[in-house]
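Written out below as structure tokens is the structure these notes cover.
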């Protein structure tokens, strides 16, 4: 309230406009409508600051009520009027100050008396709206007779209605109905009461039964140790200096009886990673102890997969997987120290397996993600079971970036706090260790209670799209701190904190399915009926195969249940953050009204009948668990395929039912079933393709897989067609190859440049390379020129950028050159230019000597056989016509296509050209190093027939070779496993080169680290292969 003695803040001196704005702001109409007052709007227009405006608004609110200080009069003045005669008071009330303002305030007060705001965001039927109207008026509300003006607002849809008719129309819209159902689902879940002790005991018994049935016991762990000994026995003779170790669920006890046996080979530095696995694959396949040995070298961590013969368990052998072994040591130590951890993780993993969200190849999560989720929950629950490490050290959340975990040692986790990047004068690096469990154990919590709290935590309380799941701290770790996108789920690797171990789940549909299963499972376990939960019954007449009772299904039917009640058990943000929930809820069938039904149908008043609840809030009138989801037609067929599953459970003999499939019954009468039916409510799992990242199919059924493009059987090639094909290929060469005149022009331009530059840069020497010299250039192709200096073999000691700048300055003086542009930031600095007389573009590079040797190699191949040139031109024209020959757009360069042609001609039987880099004269192969790479190749082409037995043995025509090339790259060559390599005759695998992540691998013949297919996008890779197949089919039509 403003001070009386201050004229600046006294209401008596408030300007008229500010008083009007204050009245507009405080009125419900102004606050709810789009024309409402906002302090931000005032600041945007240069009006008083927020604090000053807030004080004025508060003063206006205090003084404008009929009982308060009307129109800004002071208290003493009001008292004097009240103590005066009735006539004085009447004259004062009738006196008008600024008549327009008086009329406006009167209308606002009249509006307050006659109007009410009715929120209809949770309404689905006309009866719901009428009930809210009656509550707003306080009596039975009649649309025709009532004089009260009601306003209707839907916050979810951002809709404001002045009358009941448009409000009733809005609640029948499909978008509103979906949002209203989601709101009711959320309200239902938030109002589930905490489980009682009897329920927790019963659930604990059920969970322990699941662990005993599917979990690992001491005998299973011993069996896995024996498999490790067998693998070591086979591989120790060939890998003598290596160490063999188990990792994964075989050590942590978090796995199942049929889980894979993961073995890692720790090898010394003189071994190469691919060689270790290739040796392991070779010798395991020869051993009689293992069957079905094959290498899976195209995953993130390559492995050799085999099956142990006696036990039938799948064994996966990796090499150098240090991160997985470190995480395994951490999880194993925790599992030994905390008894509640193993059953929780095993049940959580079994839940994920049932719901089909634990398969990485199908877009799910890795198995150890669920262990990290359980540990993070145990650190953050109301009564923490496990300590958090950052808080144990005493560091704030702001120091988390410099805090990292490094290992495990005797019940403690080792940590390092690195302050190198900060300006602190204290020690730069601190090291220490903190305990994995509390020194003083709190009273043990029932396993069933922890299970329900775990499901509630990740389904309702934890903001999965906004936060990061981390075991380093129990504070809220937001995505902004990690610079990770706010999508789906993020789980931090405890020892490699920059890595999101849940990044494989990159489909929004899979994420929504995961959240749906979490909420459905929470509802199932948290609210069972005491005598009928989990029972299976069938009714052929109703067509409902699986039913059970749920005591919270009737909560939403009570008119008193709304979001206000839910806030008692949750934060105000929870409802807003989970508004897109996809959990389960029960509605009466009659709530699904047809959109075209009449709004005024009298029968609607009798549609919804209140369900009486007992003292516990339970509705035992029905036994159906999830009828609501079947009414949601836009949620994707929630009941597809599940009646068969339920029927199979019903018809299965009791002797054949597993413990998890059969109801787990405790003396208290609670029953629980670990079944996909109850966890997903019949909603089918989402299929994710690991190849195209699309939903709805798996990799083996991907329509974009070029290997699935089936070709019709091709007819035999006739002599006439072969002749036409030969003529087309030869004509292509004649049309695009430069003639002798253009070749001489290019040489003349080179000599002119060299003469000019020698005057500017003494000792300069220019040499043509690239397509102008290797024999595969087009007409009007660019001029590629390399400049060197006499007396200096390499660019060592030269300031390349300064030389390029001076070269550009010199070229600007040449009368035939335009558009001189030096590019000094490129890997090889160049100067670009345009030759005005010929219209040729070109560039000059400095000491690009490796490219000179590459040009000589390609020119040698072109000179061996005339068919080489023709095929290369046809291939480059094909790529140009199909618009797949531009490396800057995610395709391949013309140089890459040339190497593909040369590789095919080397692999032809008999070969058309030899492998020049494998040929040499003498006993020992010479080595010629340029820029650290061996550039030796056989260049004595005159005597080639003496050293190559296959000289001129291939007699195929150009047309036959072109057809063979298309057939080779569409049917024979394996792009996934093989590298296009012209330096060796023996095939080179992508795993040997460690290029398994690329769609197409093409090795440069000299720079062996350069993969010319590295820039090929996945879409272009499949498009390229499909073009090959389509062209092959087109040729023989």
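Here the Cβ of each residue, glycine as well, is placed from N, Cα and C on the backbone.
What you are looking at is a predicted structure, and each value in this text was computed from that prediction instead of being measured.
Record features, source TrEMBL:
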COMPBIAS  76-108  compositional bias 'Basic and acidic residues'
COMPBIAS  533-545  compositional bias 'Low complexity'
COMPBIAS  553-565  compositional bias 'Basic and acidic residues'
COMPBIAS  576-612  compositional bias 'Acidic residues'
COMPBIAS  613-633  compositional bias 'Basic and acidic residues'
COMPBIAS  634-645  compositional bias 'Acidic residues'
DOMAIN    187-319  domain 'Terminal uridylyltransferase 4/7 nucleotidyltransferase'
DOMAIN    447-496  domain 'PAP-associated'
DOMAIN    725-862  domain 'Poly(A) RNA polymerase mitochondrial-like central palm'
DOMAIN    957-1010  domain 'PAP-associated'
REGION    1-108  region 'Disordered'
REGION    533-645  region 'Disordered'
>> Tell me whether the domain 'Terminal uridylyltransferase 4/7 nucleotidyltransferase' (187-319) sits in contact with the domain 'PAP-associated' (957-1010), defined here as at least 3 Cβ pairs under 8 Å among residues 6 or more apart in sequence.
In response: yes
> Counting by DSSP, what is the helix, strand and coil composition of the domain 'PAP-associated' (957-1010)?
Replying inline: 19 helix, 7 strand, 28 coil
> Using DSSP, how many residues in the domain 'Poly(A) RNA polymerase mitochondrial-like central palm' (725-862) fall into helix, strand and coil?
Replying inline: 62 helix, 33 strand, 43 coil
> Mind checking how the domain 'Terminal uridylyltransferase 4/7 nucleotidyltransferase' (187-319) divides into helix, strand and coil residues in DSSP?
Replying inline: 58 helix, 32 strand, 43 coil
>> As a quick check of your reading of DSSP, tell me how many residues in the domain 'PAP-associated' (447-496) are helical, how many are strand and how many are coil.
In response: 19 helix, 5 strand, 26 coil
